[in-house]
Amino acid sequence: MPGLRRDRLRTLLLLGVLLAADLYFHLGPRVRRRLRPRERPPGCPCAHRAATSAPRPAARHVPPAEPDGGGPGSKLRALFAHPLYNEPEKPPLLGPEDSLLAGPEALRYYRRKVARWNRRHRIYKEQLNLTSLDPPLQLHLETSWIQFHLGISRHGLYSRSSPVVSKLLHDMRHLPTISADYSQDEKALLGACDCTQIVKPSGVHLKLVLRFSDFGKAMFKPMRQLRDEETPEDFFYFIDFQRHNAEIAAFHLDRCELGSPSFRILDFRRVPPTVGRLVNVTKEILEVTKNEILQSVFFISPASNVCFFAKCPYLCKTEYAVCGNPHLLEGSLSAFLPSLNLAPRLSVPSPWIRSYSLAGKEEWEVNPLYCDTVKQVYPHSSSGRLLNIIDMAIFDFLTGNMDRHHYETFTKFGDDGFLIHLDNARGFGRHSHDEVSILSPLSQCCRIKRKTLSHLQLLAQADYRLSDVMRESLLEDQLTPVLTEPHLLALDRRLQTVLRTVRGCIEAHGEHSVVANGPTGQSAPDSGPS
């Protein structure tokens, strides 16, 4: 009997130790996190936190250059002064049918969203018995993200004459966050697979939706690869890392704004405004999220850095996590487009989609006359749609992005509406390799807009060299240097490849058949060069 009592005592002591450990290591931190007051430092959160915590070498904070258009020898200033960049937009906006959103309807929708946010936030606080002195959010019509949404037209995501992009970039760089969450597509997939079965990264990317104090939203993609690291040549394009600096650089390559010459390079205006930022993952993500799944994937690394990883179905293991240093993590922030409830978008598979398997090829990879087939199939039978796809192919070739499997358009603008250049994070992975197959829409169809060709020819001249204007433009970002020198020089090399391809088409079919003068152009030749 005494032995039996001792066994009972040992069992009780063991259970007590396990309960205490669970309270201390699991429940305790969650309770303290819920009850901790969430302070927001005034002004720029990054500048305040950088003073107490030095980021990793790749995230070194360099004060951004003022976007004043450059000095007397600025190639950006010279590019901005060129007549090609000072032509008036044609055709001019004609009326409401040219704008994406109807102003009054959009504002009513946003007011309802803010009211719903305030109501849910109040209920959330009451459930946790938390008190907050923060006043309810107010919707201000002059905020940059609202003006950005209202300025989208059939000609691009913003106009040349609009100063709103500068303000939007500033706000995304400096405003405090009020919430963090998974994107809707990731929420729909959470739990759809068994994380214990994943042994390799599946779509090695991680992204979050951050909401700011002005109620604007941005997609946050954290740094996963150092600037000077190249994607291994044995990597398939569909398992490549998503690079935050590629998102930033793609926006600079695409963008245009009349008020600042550093915002004018290709003048496509089809990439959502994107900016780099040092984010405090503790204060600006963990402490503002209401998503318990997101809270559960945060941990402290052996180096005392705050880390988090993606839940299933992407990355289920801590070795694929991203970490601050110890709290600061650099990443890209891309402005959200208007809600699909306000501005429906159509996602269309690219006719030059790649094979997302370990073996096999698509028809376009083996059929040099593939473009003839594409031109017979709606919606690519529209000459304007085909020219926009070729624009996108040139853009992707310059950045090295092989992962353009779909493209999106606003349904309001019909078949000839511009293509939105979303998801550019798989670009700028290999500066030592030019993937010429990305140019297949150009080489097989032998068509290009005259405006696009004129910009490319100008950027090939020594006075306006693409690498030089990109280098100068990227100095404006907080995370400079965004691209390493080899990636900048690769832009010049790839630009020459594009121009050689166009020259080959003109020699085979004549300039009249290859270069389209209007937004839709004329009929294309029957086939590409043999």
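Each residue, glycine too, has its Cβ placed from N, Cα and C.
It should be emphasised that the depicted structure is a prediction, and the values quoted were computed from it without experimental measurement.
Within LYS167, LYS221, LYS283, the residue that TrEMBL lists together with SER334, ALA335, PHE336, LEU337, GLU408, ASP423 for binding ATP is LYS221. With every protein chain in view, the residue among the recorded positions ASP403, GLU408, ASP423 whose Cβ has the most Cβ partners within 10 Å turns out to be ASP423. Within 10 Å of the Cα of ASP403 (active site), the following binding-site residues from the list LYS221, SER334, ALA335, PHE336, ASP423 place their own Cα: ASP423. Counting only same-chain residues at least 6 apart in sequence, those with a Cβ under 8 Å from the Cβ of PHE336 (ATP binding site) are TRP145, VAL209, GLY216, LYS217, ALA218, MET219, PRO272. With respect to Cβ neighbours within 10 Å, the binding-site residues ALA335, LEU337 differ, and LEU337 shows the lowest count.
All protein chains considered, the CB of LYS221 (ATP binding site) has 25 other CB atoms within 10 Å. Other Cβ atoms within 10 Å of the Cβ of SER334 (ATP binding site) number 26 in total over all chains.
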